[in-house]
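**Student:** Sharing a structure below in structure tokens format, with a few things to ask.
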Amino acid sequence: MTRSTKQASAAGERRETKPPQAAAARFAPGARVASATPAAVAGPAHVEQPMAYDAILLSGFGGPEGPEDVMPFLRNVTRGRGIPDERLEDVAHHYHAFGGVSPINEQNRELRSALESALQTAGIRIPVYWGNRNWAPYLDDVLAQAAADGVRRMLAIPTSAYSSYSSCRQYREDWADALESAELQEVMQIDKVRQFFSHPGFVQPFVDGLRAAIQAAEAEGHERSRMEVLFSTHSIPTADARLSGAGLFDGVEGGAYAAQHLAVAERVMAEAAPGVAWQLVYQSRSGSPSTPWLEPDINDAIEALEHRSAVLVVPIGFVSDHLEVLWDLDHEARETAERVGLQMHRVPTPGTDPAFVAALVDLVQERVVGRPVGRRRNTTGIGPWFDVCRPGCCAKGGASPRPAIAGLVP
Ligand SMILES: CC1=C(CCC(=O)O)c2cc3nc(cc4[nH]c(cc5[nH]c(cc1n2)c(C)c5CCC(=O)O)c(CCC(=O)O)c4C)C(CCC(=O)O)=C3C
Ligand SMILES: [Fe+2]
């Protein structure tokens, strides 16, 4: 499909209207397996059967690759969600500050090729396809290509570690859409790896980065007692947060989304900086000001740190140094820190860190061999998370669910 027809259909009735339940049953290949065990509904549900996948589907967010891509990209991202125009203009300005090119696509190309080589080395000789949710290469084109190459069973990896509508369910819905739009529902099966926030190979780069940042701050003469670590992630509407992870963390403010981030932050602190003050903060809020989103915003948090001399920012919500990291942290948050007289160090995201690439290989391996839950790698108090999402998992607050793959059907 050409880019222009793709944008037209994305702006139009790309969201199809099939009865969610019937469609979801077709789109949930894992459901047969997991729902066979009644315990699967009450407790952790995992697909433990070995599965011979033909290929991996690395799925990114997507980003513009030139100034003329910026507005069409932003319309793709926000289709049907009532983001005010001023907000789009505002965000367009962030992209234009980088010549209209988001680094995210190049980062995902690098991750794709690193993952493919690491899989080969591990003896898993299958190709890694890369497809985006919001920009070329679009998922449906990539699936059509994979099908033409003979691929029938794919294991999907989202470039997103946690549970929430934007970081889990929306990927699952977009895969289902892409199967439908490529007319592959009857032909191709897509499963997904578990949300991988708790995998040690995802956590390790943050540990290494925070250790280095603390050393750098100490070398500048800052004392640990005057440092504060801010773990930063994307804010989401509180209504989405409550529904993240199918209400398993109902009692926790921010639901499973916040609970998972807190668990990762605790782990990183225990390994890299025991005793240093820290908190979880949120960035990149959008939407209407009257809709509640998770707080505190990182800039407000920095402004409240008068009693500190250095702030160490750890972007645990993201897998690569894409635009929301480069703009919202390295530009905006840094400006706030300078204004209030704090030294700021920003820790890198995992990117293509060998520990992270090895983690992705391990996530594939555990599914290929059908590794039991008890032997899966997990370094936080929460997890390992589900291979097959529970009914209602990560629903969008206030919206009716669209068909999605890799979920249990109620
Ligand atoms: C949880 C989460 C992640 C992390 C998980 C993941 O990585 O998937 C994430 C990542 C990203 N978000 C990104 C960009 C954008 N996100 C937007 C809007 C939104 N994000 C949301 C949430 C998240 N977003 C939400 C609840 C909205 C509101 C509207 C909506 O429900 O969609 C908008 C629209 C304008 C605006 O409102 O800011 C843009 C342009 C980029 C690309 C950066 C680049 O180009 O380098 C990346 C990696
Ligand atoms: Fe976003």
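Including glycine, each Cβ sits where the backbone N, Cα and C put it.
Curation plays no part in TrEMBL annotations; they are all automatic predictions.
Sharing the record's features from TrEMBL:
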type    : residues       : note
BINDING : Ser102, Tyr171 : Fe-coproporphyrin III binding site
BINDING : His234, Glu324 : Fe(2+) binding site
REGION  : 1-29           : region 'Disordered'
**Student:** Please report the distance from the Cα of Glu324 (Fe(2+) binding site) to the Cα of Ser102 (Fe-coproporphyrin III binding site), rounded to the nearest angstrom.
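**Tutor:** Rounded to a whole number, the Cα-Cα distance is 9 Å.
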**Student:** Cα-Cα, whole number of Å: His234 (Fe(2+) binding site) versus Tyr171 (Fe-coproporphyrin III binding site)?
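**Tutor:** Cα-Cα distance, His234 (Fe(2+) binding site) to Tyr171 (Fe-coproporphyrin III binding site): 16 Å.
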**Student:** To which of the binding-site residues Ser102, Tyr171, His234 does the lowest count of other Cβ atoms within 10 Å belong?
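**Tutor:** Result for the binding-site residues Ser102, Tyr171, His234: minimum number of other Cβ atoms within 10 Å at His234.
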**Student:** Where the criterion is a Cβ under 6 Å from an atom of ligand 1, which of the binding-site residues Ser102, Tyr171, His234, Glu324 meet it?
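**Tutor:** Ser102, His234, Glu324, by Cβ distance under 6 Å.
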